[in-house]
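Peer 1: Here it is, the structure, as structure tokens.
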Ligand code: NAD
Ligand code: MG
């Protein structure tokens with residue numbers, strides 16, 4: 001029996017994780033869960049999974065939940081302290097980190113510092129603070145299992161091979177809903193169109209990141225830290241079918257890939273049950289029916305975010321945290337109808353250009369860079385509208 005703390009239980013990844021738990025009640029028990037604002041769904045989840053501890057963002061929401069659940073309900077806490085308490089719950093064997101954005105960093109770090117193994121969906125944790133997070137993982141001797149499908153594929157493709165034999169990692173990208181749009185067309189795309197991903201059903205922020213290809217840029221940085229390889233040895237191939245989830249190329253030219261239908265349940269389950277594989281209620285991959293798989297290079301002209309991410313990775317230090325924070329601000333502004341789709345990379349580029357890169361020795365420096373970038377991006381957004 002593995003006891004789980006689920007950070008972000010009401011999100012797309014959180015819900016899929018709870019489906020796996022529900023299918024395997026003999027394997028998993030939920031001891032803690034956290035959510036932002038979706039109280040209705042959270043209440044249903046609490047009644048179904050009976051965690052001991054629950055955290056929400058605001059103290060007012062915590063009171064509403066307490067009233068609704070009564071004395072027999074779990075302990076309800078709130079705010080960042082509440083998130084940390086769930087991340088460090090003494091009964092948790094593993095923490096699933098599935099909050100969206102840089103808000104996931106502090107609770108994920110707290111879980112590592114408390115000696116918990118982490119199943120990591122929140123890629124922003126590694127993007128903003130990769131060197132500090134990996135140092136803490138090594139110091140605490142905990143394990144970090146990737147949930148992101150590309151990184152799970154690479155993790156699986158590395159098993160049984162020598163790290164020194166790896167030549168490069170190849171991340172696949174669907175190309176998102178706008179893969180074939182011209183620059184002129186991209187100028188006019190709406191949030192609703194950008195939210196409609198062809199292959200994956202995901203939260204709003206990552207859906208926009210997929211449409212701009214910033215998601216792949218964040219994943220290149222995530223891979224740099226998870227697998228300890230420089231950006232020059234991490235490539236991206238556009239693969240519209242999302243069947244080959246990613247690949248590892250070895251020095252003899254062999255390429256090992258992991259394939260499957262595009263459903264996050266598979267990589268989530270593998271992170272939870274490694275090294276075992278759980279039976280999952282998913283349709284099989286039918287390659288004959290699919291007929292063909294295709295690959296093409298990414299177009300940096302139409303999708304500038306990918307190159308911005310490679311640049312931030314090269315600059316190092318605080319640059320990726322600034323890239324990430326500016327992206328979060330720009331995505332929010334796009335979703336609110338304040339800026340155009342093509343303004344997203346422009347806001348990020350301008351924020352990075354105004355930033356003096358500093359080395360990161362402490363998590364507070366990450367938070368300072370994050371705050372600076374949000375302020376800077378906000379100014380740029382308001383001066384652009
Ligand atoms: P989502 O928006 O569907 O859910 C996010 C969860 O975090 C919700 O429970 C929400 O209530 C909570 N939350 C939001 N803001 C918060 C805050 N400030 N403080 C505390 N909690 C907060 O997001 P998602 O699509 O499930 O993605 C979660 C993470 O997993 C992201 O980092 C994303 O990049 C990564 N990821 C998602 C997918 C996917 O298929 N959805 C795939 C790979 C990686
Ligand atoms: Mg991914």
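For all residues, glycine too, the Cβ spot is worked out from N, Cα and C.
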Peer 1: TrEMBL has 149, 150, 174, 197, 210, 215, 216, 219 down as binding 1-deoxy-D-xylulose 5-phosphate; which of 123, 140 does it also list for that site?
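Peer 2: Candidate listed by TrEMBL for the same site: 123.
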Peer 1: The NADPH site in TrEMBL lists 10, 11, 12, 13, 36, 37, 38, 122, 124. Which one of 176, 203, 217 belongs there according to the record?
Peer 2: 203
Peer 1: Please identify, from the binding-site residues 10, 12, 38, 215, the residue with the sparsest Cβ neighbourhood, meaning fewest other Cβ atoms within 10 angstroms.
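Peer 2: Checked 10, 12, 38, 215; of these binding-site residues, fewest Cβ neighbours within 10 Å: 38.
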Peer 1: If you average the pLDDT over the domain '1-deoxy-D-xylulose 5-phosphate reductoisomerase C-terminal' (144-227), what number do you get?
Peer 2: 96
Peer 1: Which residues does residue 197 (1-deoxy-D-xylulose 5-phosphate binding site) neighbour through Cβ under 8 Å, counting only same-chain ones at least six apart?
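Peer 2: Non-local contacts for residue 197 (1-deoxy-D-xylulose 5-phosphate binding site): 174, 176, 177, 207, 210, 211.
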Peer 1: Rounded to the nearest angstrom, how far is the Cα of residue 123 (1-deoxy-D-xylulose 5-phosphate binding site) from the Cα of residue 38 (NADPH binding site)?
Peer 2: 22
Peer 1: For the NADPH binding residues given in the record (10, 11, 12, 13, 36, 37, 38, 122, 124, 203), what is the largest pairwise C-alpha separation in angstrom?
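Peer 2: Overall maximum Cα spacing for these binding residues reaches 21 Å.
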